[in-house]
Amino acid sequence: MVWEFWTKQLDEEELVEDGGYEEYSSGSSSSSRAAGMNGNGPTKLVDPLEDPLPGVGTYEDFNTIDWVREKSKDRDRHREITNKSRQSTVALLHSVSDAFSGWLLMLLVGLMSGALAGGIDIAAHWLTDMKGGVCLIGFWFNHEHCCWKSNETTFQERDQCPQWQSWAELITGTSEGAFAYIVNYLMYIFWALLFSFLAVTLVRAFAPYACGSGIPEIKTILSGFIIRGYLGKWTLIIKTITLVLAVSSGLSLGKEGPLVHVACCCANILCHLFTKYRKNEAKRREVLSAAAAVGVSVAFGAPIGGVLFSLEEVSYYFPLKTLWRSFFAALVAAFTLRSINPFGNSRLVLFYVEFHAPWHLVELAPFILLGIFGGLWGALFIKANIAWCRRRKTTRLGHYPVIEVLVVAALTALLAYPNSYTRMSGAELISELFNDCSLLDSSQLCGYEQPANTSETGVGNSLADRPAGKGLYTALWQLALALVFKMMITVITFGMKVPSGLFIPSMAVGAIAGRLLGVGMEQLAYYNHDSFIFKGWCSPGADCITPGLYAMVGAAACLGGVTRMTVSLVVIMFELTGGLEYIVPLMAATMTSKWVADAFGREGIYEAHIRLNGYPFLEPKEEFDHSSLAVDVMRPRRSDPALAVLTQEGMTVGEVEALVESTHYSGFPVVVSQESQRLVGFVLRRDLLISIDNARKRQEGVVSASQVVFTEHAPSQAPDAPPPLRLRGIMDLSPFTVTDHTPMDITVDIFRKLGLRQCLVTHNGRLLGIITKKDILKHMAQIANRDPDSILFN
């Protein structure tokens, strides 16, 4: 996370004030709500309603948008275009182009994201293979492409071809012996350190926001928070480059989560081409929700799973129109990726499987066991990773991100190289574990003994269950060590100052555990055909147990335990593997892992990182079951100063400016008078300052003694008095209010469902106080016995 950078930004811009109710803010009303409410004043009076000012209605960095105002603005804009379209052909064409602009934007997002994802896949594959050697006929070829046209490759030695040489062969002339092994070992560590050093240096120097997964921040942005630069062009460029380097370095991370960030950067940049999305924050977030679906679509080749992932996991506001557009964008991105064909196998899916044996009802027990393991691992990983990230943030460790990345990269390379299963990339490892052994398979995981009766060959290209051989036992030991290594190293890798996804490492842990259990079940079935468990469905010489299926179920279970995804995860897994008939085992394991993990804490890894970083995010899944009332949470409290308010008339420009300068509040309630405190509306601090500054420049006679009025008609004044400043046009005439006795569970639901920034508290129409999103988050933290001051952002 880029904590120090953001904290510095906050300190410099004075956006947050310690204590008090500093965050309260809302939007001004839309033009439709205030239309026709200003009277005919002097001809030279500036009225923000009749003459909109640039900057009014926009938001500062680290602020929350007003969803209600943004949706109202869009409705007004659409209504105006529709009315004009009936008047002329040009206006009708403009209306049609406006309607299709969303689909055109989705097309561009899909094309751009698919092209970038294809380039990232190809570059990462090439650099990963470069750690092992180089292609003599062209250094830009990876190992697989280099050996495609070789006549020397066989099924047993498919990776051996004279065109590809290891570093030991290039340096020493031989690939055999201890010295050659040491040379390859040292070169592997050298490339890992170089790639990780370049990745962390580029992130630190050019785009601090490019580190991490990006999904916690994307969720926060989609909930309405503004983090300027997080989805900018520099972040996109640096994240794309450093993602390739980080994955190629061999660190225990994946590119799937960061690809969501990359797709959202593409969408945000392309939004600036269309006025409808450039000027409306709520509309832009609809596009970003679709972009999150595109990110998963290109990461896994799973367009339907991507749409469900966006709906289930990251989106805050997801109307039906966004669902259709997400589906279209994910489809375009998937086709673009398929056209590029980065995997070289003419398939869209990342891990295509073809299991020949159906699963049996008895196998649900081990599948549920894998679900329990996934839930336990998910809960353990979240607690351990958050503890490590908190230690990084609160100790001197966080001041040396480059050294930390280099140390972890060196440790990973040092321990990973001797074990062939940790040396290969995460995607290769998962593909190997999902594999179903066939007649021509030379993998160590298929090192079974040949049966005495050669007729026992199973069905089709599959093999009957056989006793484990020496090669398989070696592979199992290596996998057991790889499991321990992956579980430990992923805890300290996720959250470092490089792009780091969690999907592939989590799936790798589950796939290893699943393969180990699958082989164990296979051997149990082979030696106990006559037991009551296997009798009747697993006869001698049959292909009963498929270890690759157990690996697939285990991968889903562990990923579900870490992220708490359910529906979208199952769909992603069957799209990822093509194993449509194995949905029931996947569902059983995924739900079990979620239930087990939820028993230790309801937060997934992304929600935990959101809370760790203090983002103002109201989790929709979290229940509020406390019996407090709105009056218990509102500000000001009894010991606080009185609520800072504006009156609808009677205040001068100088008094308003003094009030604004003496506080850091983001907005001010407008009341009838200081005595009555009856609520009239709400004004944003930013809009107020812009309007006053503009009036001093454009309206004659505006001085500090000029009256500021928020009424429909300007009050009568003395002939020699300076002209008043009418600001009713920037006032929200219908701010959301609750009574002081409204239960907080209802208030929290209102905030979640309407995306509010603040809500005013009244009693019989009289203003009592204000509740902001930050107040609610602090109150919820206190109830959960957490530090309320951990909610640091406005």
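Positions of Cβ are set from backbone N, Cα and C atoms, glycine also.
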Problem set entry | From 322-341, 502-521, the residue range that TrEMBL assigns the feature transmembrane segment | 502-521
For this session: Kindly point out the range from 231-253, 530-552, 668-690 that TrEMBL annotates with transmembrane segment.
Result: 231-253
Problem set entry | Stated TrEMBL location of region 'Disordered', expressed as one of 17-41, 142-166 | 17-41
Exercise. What stretch, picked from 185-210, 259-275, 475-496, has the most CB pairs under 8 A with the transmembrane segment (397-417)?
Worked result: 185-210
For this session: Pop the mean pLDDT for the domain 'CBS' (731-788) in here, whole number is fine.
Result: 87
Exercise. Do the transmembrane segment (231-253) and the transmembrane segment (475-496) come close, with at least three CB pairs under 8 A (pairs 6 or more apart in sequence)?
Worked result: yes
Seminar exercise, completed: Long-range Cβ contacts under 8 Å made by the transmembrane segment (287-311), restricted to residues 6 or more beyond its ends, are 102, 105-106, 109-110, 113-114, 116-118, 218, 221-222, 231, 255-256, 259-264, 266-268, 271, 277, 317-318, 322-323, 325-327, 329-331, 333-334, 336-338, 347-350, 503, 565, 567-569, 571-573, 575-576
For this session: May I ask for the residues of the chain that lie six or more residues beyond the transmembrane segment (185-210) and have a Cβ under 8 Å from a Cβ within it?
Result: 2, 5, 127, 130-132, 167-168, 217, 227, 229-230, 232, 234-235, 237-239, 241-242, 245-246, 248-251, 401-402, 405-406, 408-410, 412-414, 417, 423, 496-499
Exercise. In the same chain, which residue numbers or ranges, 6 or more beyond the ends of the transmembrane segment (502-521), come under 8 angstroms Cβ to Cβ?
Worked result: 213, 252-257, 299-300, 363, 366, 369-370, 373-374, 377-378, 381, 421, 426-427, 429-430, 433-434, 445, 468, 472, 476, 479-480, 482-483, 486-487, 490, 493-494, 545-559, 561-563, 605
Seminar exercise, completed: Spatial neighbours of the transmembrane segment (259-275) not adjacent in sequence (6+ beyond its ends, CB under 8 Å) are 101, 104-105, 108-109, 112-113, 116-117, 120, 213-215, 217-218, 221, 231-233, 235-236, 239-240, 243, 284, 287-288, 290-292, 294-296, 298-299, 314, 333, 499, 501
